[in-house]
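Note sheet for the following structure.
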Amino acid sequence: MEHPLNIYNTLTRKKEQFIPLHEPHVGMYVCGPTVYGDAHLGHARPAITFDLLFRYLTHLGYKVRYVRNITDVGHLEHDADDGEDKIAKKARLEQLEPMEVVQYYLNRYHQAMDALNVLPPSIEPHASGHIIEQIELVKKILDNGYAYESQGSVYFDVEKYNKDHKYGILSGRNIEDMLNTTRALDGQDEKHNAIDFALWKCAQPEHIMRWPSPWSDGFPGWHCECTAMGKKYLGEHFDIHGGGMDLIFPHHECEIAQAVASQGDDMVHYWMHNNMITINGQKMGKSLGNFITLEQFFTGDHPSLQQAYSAMTIRFFILQAHYRSTVDFSNEALQAAEKGLSRLMEAYGHLMKLQPSATSTVDTKGLREKCFEAMNDDLNSPIVISHLFDATRAINSVKDGKATLSEEDLKELQEVFHLFLFDILGMKDEASASGNHYEAFGKAVDLLLSIRQQAKANKDWATSDKIRNELTAMGFEIKDTKDGAEWKLSK
């Protein structure tokens, strides 16, 4: 490829050049949501992070098969091996079938992802649709001697596995420390060690979600689904596995152990993890009850929110930080993101209307290369955005008549701005995204301003002022320029 991409591999703890196993094909698996409630800001971050990667790999010419799963069974409370299934609990509380809960929140998740301009994955498999594959995985691990059956459940034997391999290779945790510090919880005396994790759980009589297996009527452990579905759709070895940093342990650590125990080696070449969204310094999440849903951001209906924020403001807010750095929620940061995005969108609008000159007095030639350089440095989206802001200053100088752009440079700047702002960063002009209604609405405002312009030419100041004052009262900002009046909706 013309542009070598380097990404940070959590497994090796360093940036590495991305070399696909089967170029030009790329296999990418990302852990999706457990659908028992509305998506919140913490769900938006991995979705947007790996959407950025998906878009960029596609732009570089790779043929990406992007698999993002839906967890609809087996994810117990507190991410543990005991307690109630999160979806079954929600179903019981709302007196619904578990799959009604799944479908309702999955529909709402998709709506939120559409609003955030997150592209759909190539495949979106459900854990409940792959029980057979998970049972086969458990059988292989048992046959290879790294699991044991106990009272109808099957557990992964971490201590035995660690004698032949290395448990903790991803998270850097030491098994001796874990053996000494992990306490056995009530109801887990069927395990050899407290750190052993469930591959299959025997269902209690009241447990609704259950399937027959060689060991009992039950359900798979949470960690099995990604190993089984990753293998089914991407093969025994694939390029990228992504997810939030909170999944490194235990979920992804257990996935590596399952893969090695079942087939002799890890399935994944590059492990990638986005950092957390925090609120008052704590991870935002359902389990802590400190989350704000995306719907609440879009409507402003939450006591912590000073206003509503658009989906593109949320996306821009997340992309303004590098995906491996923490992002702390605040109204001030979101309002700054809103203003910054508005500046870029306005600049793009001006850019598309600029007229070329014979020569250029501003240098735009390095912009494309600088943006690619930032993206190739582990998807450094904040640096890309800073380069676009630099270009915005040049655009405004040309617009104000203080600088010029040749036809060639103008075309290059238009192409690069569009490529990075829309195609790669995945932003969209929310005003124009509403389609024909907005177009008709815009034409109506333009018509009023042309009538005002004619009134000014006729020295009919009363009509001119009336149109301006009425539009201002409705929330429009009117700016008179040498080329006529410009307008935008003010906040």
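Just so you know, the numbers here start at 1 and follow the chain as drawn.
Yeah, the Cβs are placed from backbone N, Cα and C, and that goes for glycine too.
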For this session: Give the range, chosen from 68-72, 78-82, 283-287, 378-382, that Swiss-Prot lists as motif ''KMSKS' region'.
Result: 283-287
Exercise. Which is it, of 11-21, 33-43, 165-175, that Swiss-Prot names as motif ''HIGH' region'?
Worked result: 33-43
Exercise. For the binding-site residues CYS31, CYS226, which one has the sparsest Cβ surroundings, going by other Cβ atoms within 10 Å?
Worked result: CYS31
Problem set entry | Per-residue pLDDT averaged over the motif ''KMSKS' region' (283-287), given as an integer | 75
Exercise. Between GLU255 (Zn(2+) binding site) and LYS286 (ATP binding site), how far is it from one CA atom to the other, in Å?
Worked result: 23
For this session: Select the most exposed residue of HIS251, LYS286, where exposure means the fewest other Cβ atoms within 10 Å, treating these as the binding-site residues.
Result: LYS286
Exercise. In the same chain, who gets a Cβ under 8 Å from the motif ''HIGH' region' (33-43) while lying at least 6 residues past its ends?
Worked result: 70-72, 75, 86-87, 89-90, 101-102, 105-106, 108-109, 112-113, 244, 276-277, 283-286, 291-295, 297, 314, 329
Problem set entry | Cα-to-Cα gap, HIS251 (Zn(2+) binding site) vs LYS286 (ATP binding site), nearest whole Å | 17
Exercise. Around GLU255 (Zn(2+) binding site), how many other C-beta atoms are within 10 angstroms of its C-beta?
Worked result: 26
Problem set entry | Cα separation, CYS31 (Zn(2+) binding site) to LYS286 (ATP binding site) (Å, whole number) | 17
